[in-house]
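**Student:** Grabbed the feature section from TrEMBL, which reads as follows:
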type   : residues : note
REPEAT : 281-315  : repeat 'PPR'
REPEAT : 316-350  : repeat 'PPR'
REPEAT : 351-385  : repeat 'PPR'
REPEAT : 386-420  : repeat 'PPR'
REPEAT : 456-490  : repeat 'PPR'
REPEAT : 491-525  : repeat 'PPR'
REPEAT : 526-560  : repeat 'PPR'
REPEAT : 561-595  : repeat 'PPR'
REPEAT : 596-630  : repeat 'PPR'
REPEAT : 631-665  : repeat 'PPR'
REPEAT : 666-700  : repeat 'PPR'
REPEAT : 748-782  : repeat 'PPR'
Amino acid sequence: MLPEGLKPRRPTATMPLASAVRGRPIRARVRRLRRRARLHLTPRPPPQRLMSTRLLPRITPLLPRRRPNPPVTPALAAALARVLAARATDPTWPRSLAALLPPPLSDARLAAAVSSLADPDLALALISWSKSHYHHDAPTTPLAHSALLRLLARARRFDAAEATLQSMSPAATPTRACLGELSAAYADAGMDRKAAETCARARDLHGALPVARHCNRLLRLLVERRRWKDARNLYDEMLADEGGADNYSTCVMVRGMCLEGRVEEGIKLIEVRWGAGCIPHVVFYNVLIDGYCRRGDIGRALLLLEDMETKGFLPTVVTYSVLINWLGRKGDLEKIGSLLGEMRVRGLCPSVQIYNTVADALCKWQSASQAMSVLKQMFASGCDPDVVTFNTLISAFCREGNVRQAVKLLREAIRMDLEPNQFSYTPLIHGFCIRGEVMVASDLLVEMMGRGHTPDLVTFGALIHGLVVSGQVSEALIVREKMAERQVMPDANIYNVLISGLCKKRMLPAAKNLVVEMLEQNVQLDKFLYTTLIDGFIRSENLSDARKIFEFMEEKGVCPDVVGYNAMIKGYCKFGMMNEAVLCMSNMRKAGCIPDEFTYTTLIDGYAKQGNISAALRFTCDMMKRRCNPNVVTYSSLICGYCKIGDTDTAEDLFANMQSEGLFPNVVHYTILIGSLFRKDKVFQAAEYFEHMLLNHCSPNDVTLHYLVNGLTNCMPSIMNSKYSEAHKKNALLDVFKGLISDGLDPRISAYNAIIFSLCRHNMLEKALDLKEKMPNKGYSPDPVTFLSLLYGFCSVRKPRDWRSVLPNEFQQVELEIICRHETLFDQHVDKSVSCEVSRVLQLYVEEFQSIQQPEVFAGS
């Protein structure tokens, strides 16, 4: 179906025979009769004039040349514009115009005067003056009105153009060219309906559509808007007119087919049109290659690249740019390198767009550091990078957290006289906010505004998101107020980020105020926001308000998704309302939402905390039947549940089964088992889990350390039992703890020292130092054995010179003896190289100690 106003031309009736012999054939017969009469009446010319006498009558005489209208000179055009511009203040302007354009004023002369005016308002005034000045015997002025229509079309004064068309009399037909320009202007403005109507008017008045360069604008618009049928009908009608479709017309149609993935149809159209007013060139190949790439068939696009040479077409920079662009999206960096090498062989220099594409691909598929090599290549090849190049690298470094390097790139872009824009500053502002460097981010925002770039939603959104992520929600609210001052209203995403941050900080009154503000600003609340509010109220242990929001959400027709249902189920389980949680899960299924791992794990955890292991196992079985595999959180809940009822054997079996499933235990699993085993007086199993934990580089948390200290202290009789000590002598934690207790040291300090030594022997020096700093807060001061344990840690990480940072300036003689006595005990559990290094450091310390004590002895004597 053709666009409205563009209807197929009606077939004309057969032309009568009389009209076929009318015109030039009759005039030719009359001239021949007159010539014969003159030949009979005049004397015979001499022989030398015989040829010219016979030849000249056969030559058609030229039509008499019309005297051209005097052109509108620049001086006259300036005078016309000056007089017309002063018509509001000069009452004599009509007479001045009459003097500049004296009668008789022909249509062509008036059209030339109209065309010389750049301002359409002045041209309208000139046409109006001509009508009033020649009001009685005014001739029709189609040329002048057509010139006015061209001016109005170029200025996109479409209302005035429509009024001009309606004011033209039926005898004053607008020219085909001016209608074509008006149609093209409509198309450029996106008004496809008016453009089609104007094309139809040209066809009805002149028997043909406007020329191809004007129709092509409408054809391109129809293709861009995916109106394939209308575009095809217009293209076919252009073909019906002689010379009505050109290369560009066919190329537009081929591009449209390629956008739809119908590349083969585009190739067939080229083959049909080949030679019939269409001579395909390299642009056609570029369009086809882009079509194959867009369809995901890069292999055929590369084959088409090879086929170009066989047809005599050489690929251009644009050809390679298209291929490299799509290869970059796929991450095929090897093929991109091959094409760049092929370009160098052909003597083609990559454009800045190609370099930008390669840099973007390296940033996405490798790293920003490797993408920096592209910048170096650009400088080496003499291709100046643009602001897009730097923006790509700045954004990549900010994503990787290297904001310092990103700032260096920004300064380099400024040094090269490039103008950074919002896309340059926004990633930096976001990156510094995430790092907590709000002042730096604020300075960058001020710098951006100083360069004339007004912050928009994206910039403010990056600043607010970065502040919320870094925990500075109050500062994010201040930025939101600054947005309001600048008349930049937050969108749903910014409100969601702010409300999410407020809920995590449990600042629910402020979150409610933002929700009210959203409703006042007619910002639609989405599923994410409702879920955020529900989760926030549950975190604040306000289940009733969370339930109200969940019900209000359903009343507003916003169907909760899996995340929303999971948040509500989590709330019910948190308050021990397991029946309501199961009912919510049932409603979830009825609404078409499939429960996921989080849903089942939340219910399993809720039942496990109540000690209802049978219900927890029932949901675990249901979870596995529905092909939803348990995760580490599921195992944590079950292990905790079994430990809660005292069944540590089953808990240990679950721990082993989790590892067999390829899931790695975390600190929660180890902590639950260690605490439960100590409570069951299974000291050696607990110590083995702690050793296993350190071997797997799993750092203990405060709860783990609390269980260890209390467990070692409370289970001291079992540890001191000789039978157990012989069986588990190689366990460093128990062996060191027993040795220290046997030497009469404080049990709790000995427990801390045994834990610190175990951490140090597994290269967890930072954690050991942290535990040493926390000892005074628990009421226990580090002793010489603490420093000996840390010395093993420094030597294990090959930093023996740093021992002075933890050892006191001097020890007493008794303390030195304690250190030396326990060195042998500690050496049994470390490598020989470490023990030798510890021995060397202690020897140096003892020598320094003796050198200090020696002068004191002499002074006493």
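Quick reminder: no glycine exception, Cβ is built from N, Cα and C everywhere.
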**Student:** Can you name the far-off residues of the same chain, 6+ from the ends of the repeat 'PPR' (456-490), with a Cβ under 8 Å from a Cβ of it?
**Tutor:** 422, 425-427, 429-436, 438, 441, 445, 448, 497-498, 500-502, 505, 507, 510, 521, 523
**Student:** By DSSP, what is the split of the repeat 'PPR' (386-420) into helix, strand and coil residues?
**Tutor:** 26 helix, 0 strand, 9 coil
**Student:** Should anything in the same chain at least six residues away from the repeat 'PPR' (491-525) have a Cβ under 8 Å from its Cβ atoms, list it; otherwise answer none.
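**Tutor:** Counting only partners 6 or more residues beyond its ends, the repeat 'PPR' (491-525) has Cβ contacts under 8 Å with 457, 460-461, 464-465, 468, 471, 473, 476-477, 480, 532-533, 535-537, 539-540, 542, 556, 558.
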**Student:** Tell me the residue counts in helix, strand and coil for the repeat 'PPR' (281-315), as DSSP assigns them.
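**Tutor:** DSSP classes over the repeat 'PPR' (281-315) add up to 26 helix, 0 strand, 9 coil.
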**Student:** Using DSSP, how many residues of the repeat 'PPR' (351-385) fall into helix, strand and coil, respectively?
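**Tutor:** The repeat 'PPR' (351-385) comes out at 28 helix, 0 strand, 7 coil.
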**Student:** On the DSSP side of things, how many residues of the repeat 'PPR' (526-560) fall into helix, strand and coil, could you say?
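**Tutor:** Grouping H, G, I as helix and E, B as strand yields 26 helix, 0 strand, 9 coil.
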